[in-house]
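**Student:** A single structure is presented below for examination.
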Amino acid sequence: MKKKMMLWVVGMLTFLLVLAGCASDAVNEGSSGNDTNDSGGSSEEDTALTNVDIFQFKVEFKDQFEELVQLYMEENDDVNLSVQTVGGGNDYAASLKAQMASGNEPVIFNIGGPTELEEYRDYLTDLSDTEAASLALDGTLNGVEEDGAVYGLPFAQEGYGLIYNKNIFDEVGIDPATLTTFEAMEDAFKTIDEQKEALGLEAVVALPASELWVMGNHLANNYIAPEFNNDILTAYEADSISFEYGDQMKRMLDLQNDYSVQPVLSLDYSMQVEQLFSTGKVAVIQQGNWIYPTVEQMDSDFATNGIGMMPMPFEGEYEDHLPVGVPQYWVVNQNASEEEIQAAKDFLDWMYTSDQGKDFVLDEFKFIPAYDGYDASRISDPLSQDVYKYSVAGKTLGWTFMATPVGWNEDILATEFQKYLAGDVTFEEALDVAKQSWESSRQ
Amino acid sequence: MKNKNISFWLFILPALFALTVVVFYPFFYGFYYTFTDWNGLTATTFLGLENYVNVFQDERFLDSIEFTIKFAVVSIILVNLLGLGLAVLVTQKMKINNGLRTIFFMPNLIGGLILGFIWQFIFKSGFDAVGQMFGIEFLQGWLATSETGFWGLVILNVWQYAGYIMIIYISYLQSVPQELLEAAEIDGASIFQRFWRIKFPLVAPAFTVSLFLTLSNAFKLYDQNLALTNGGPYGSTEMLAMEIYKTAFSRYEMAYAQSKAVIFFILVAAVAISQVYVNKKREVDM
């Protein structure tokens with residue numbers, strides 16, 4: 001009997017504990033905003049410091065960024081910035097979510113575009129009163145601007161296309177600038193392919209079909225952006241996709257596959273960029289300006305003098321356009337205290353508009369600036385220069401994959417492309433699956 | 001008696017508390033989320049069983065269940081065969097026994113991610129180079145098709161776990177009474193008879209442990225899967241854990257992923273419990 005009683009008591013205690021857990025959680029949720037305010041306020045009284053937590057994703061410039069932050073803190077001793085870097089696309093999103101859920105919210109963090117804007121809307125501060133927002137280049141605020149409010153400040157610009165080996169094109173006597181149509185491109189590939197032994201090539205192209213983003217995000221976007229009039233928001237609001245330029249998409253994929261090192265389905269980014277392109281075993285790869293540091297590490301002379309970027313062929317209004325976009329935006333958490341928000345805005349402004357900040361952006365971060373007032377001739381590498389050239393000329397395509405249904409480009413479209421390349425489905429079937437998936441997620 | 005009871009419960013309380021906070025509470029909270037449209041930040045509507053209905057119509061999920069079961073069956077058989085084989089080998093009277101044991105156990109000390117990348121290199125570059133040198137087409141283009149992806153995973157898993165399972169079998173093999181073996185030898189039993197008639201039945205309890213370990217391990221495999229194939233090509237080598245992770249963290253359907261995880265939990269629990277039950281019963285019979 002006694003034993004049973006004890007069991008009951010313990011059982012009830014456990015239950016109470018669970019309830020207590022729930023209850024305290026609920027209270028926390030309600031007041032977490034106030035909590036951070038309070039602690040922020042009190043610590044400020046003690047030390048006169050405003051703490052700003054930065055949670056950012058770009059691993060590549062972590063060291064340089066921390067250096068910049070240090071510099072800023074030396075100049076402004078009433079602000080304490082702490083940087084946390086969590087790498088790579090998916091991991092960042094997951095840990096940001098965890099950070100938010102735990103109540104330990106950063107003041108400055110990154111979002112990718114309209115899809116994440118929607119998700120984090122309740123957390124975002126309007127940044128339209130910052131100087132940086134007013135200096136942002138046309139189109140770079142496209143995905144984060146709504147009814148006059150600017151919710152994010154662009155990191156930088158990035159662009160991708162077909163990166164070619166200048167030496168090989170010189171040797172076969174083809175000018176890459178003339179390759180704006182499919183016919184010209186196909187002829188060029190054929191010419192190179194015929195001489196590949198003499199040129200020391202393994203194949204003309206390396207198509208890393210195991211990297212879902214290369215096909216699903218980048219290749220496809222070249223033929224999806226025109227369908228949505230080159231506007232990210234149109235894509236974001238579209239209920240369906242018709243693949244108006246699907247045949248051109250197929251032509252581009254086939255062209256790369258036909259002239260690629262095989263088997264494409266196990267070829268990955270590092271083989272494409274490091275093992276094949278940097279060592280001169282392929283002449284052309286579809287990649288972006290971000291590969292420059294890698295190529296430079298492998299062969300710095302080749303990186304500075306031997307490479308260039310050209311757009312993928314497109315027939316129609318957007319011929320000779322390069323897809324240029326903003327990979328990530330800086331945003332400021334609305335739940336932070338007023339001092340923290342102001343300090344965050346000041347810091348972002350300083351980074352992109354002060355002379356010191358500009359030097360860092362160009363020389364240390366090696367960004368392609370997304371803001372007015374930069375000396376374009378100081379952009380350091382040839383790929384970025386090509387991107388900036390197209391950007392200044394206004395010959396750019398938007399990055400619609402920032403505005404497609406979540407996961408659609410990689411999990412659906414690129415996966416179907418892989419099936420097509422493996423010969424399991426036809427291209428039309430692949431597109432049909434992608435169409436249906438788009439419609440069902442946009443219901 | 002009464003005092004003993006109270007102290008018993010008092011001692012157990014801290015552990016019970018910790019368990020409640022980090023296991024039971026999240027578990028039931030997660031279970032609750034499966035009935036909502038929770039996106040990782042907020043849950044707005046109560047959906048009832050909708051998530052579960054969708055899970056069973058999700059072809060990708062069903063495919064990954066099929067793939068995982070296929071993988072589990074093949075790798076359990078191979079891991080145990082190889083593990084037992086190695087155990088028998090290193091319990092023979094040889095001088096290099098200890099060295100061999102260390103070598104066979106070594107793969108188990110390497111982390112799954114690193115192993116995955118090492119084997120990715122072997123399959124993609126090593127196999128390819130050998131294949132080109134000798135003109136063996138079979139060795140070229142590994143991991144580019146779903147079949148080679150499957151066998152790649154199996155090879156990796158068997159290679160990693162056989163050594164671990166070997167240790168378990170060794171301990172049972174060594175506890176086989178010498179006098180039984182000697183008596184059998186004097187009666188003229190051949191080496192095979194001694195193995196099948198004496199050692200094998202006496203090692204049977206080890207099967208329970210080994211099968212349980214390899215089974216739950218095969219079902220929960222994630223890091224090797226991630227590093228070796230990352231589900232490719234076209235998601236055909238995506239195992240359950242990875243499918244759930246991708247639903248949650250690349251498609252952000254948190255509540256939906258959570259309901260998949262609940263089904264995953266039930267599946268693993270059911271398989272493991274029934275397997276232990278069956279094995280226990282058989283042990284007694286022997």
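Even glycines carry a Cβ here, placed using N, Cα and C.
Heads up, TrEMBL stuff is auto-annotated, nobody curated it.
Annotations for this protein, taken from TrEMBL, read as follows:
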- B:65-277: domain 'ABC transmembrane type-1' (DOMAIN)
- B:7-28: transmembrane segment (TRANSMEM)
- B:71-91: transmembrane segment (TRANSMEM)
- B:103-123: transmembrane segment (TRANSMEM)
- B:150-172: transmembrane segment (TRANSMEM)
- B:200-219: transmembrane segment (TRANSMEM)
- B:261-278: transmembrane segment (TRANSMEM)
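Quick one: where do these features end up spatially?
**Tutor:** Through the fold, the transmembrane segment (B:7-28) approaches none of its own chain's residues that are at least 6 residues removed from its boundaries at a Cβ separation under 8 Å.
Long-range contacts of the transmembrane segment (B:150-172) within its own chain (CB-CB distance under 8 A, at least 6 residues past either end) are made by residues 67, 70-71, 74-75, 78-80, 82-84, 86-88, 90-91, 101, 104-108, 110, 112, 115-116, 119, 123, 142-143, 202-203, 205-206, 209-210, 213-214, 217-218, 221, 224-225, 228-229, 237.
When Cβ-Cβ distances below 8 Å are used as the criterion, the transmembrane segment (B:261-278) is approached by residues 30-31, 34, 52, 55, 65, 208, 211-212, 215-216, 219-220, 240-241, 244 of the same chain, each at least six residues removed from its ends.
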**Student:** Using Cβ atoms and a strict cutoff of less than 8 Å, what residues sit near the transmembrane segment (B:200-219) while being 6 or more residues removed from its termini?
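**Tutor:** Hits for the transmembrane segment (B:200-219): 68, 71-72, 75-76, 79-80, 83-84, 157, 161, 164-165, 168-169, 171-173, 175-176, 240, 267-268, 271-272, 275-276, 279-280, 282-283, 286.
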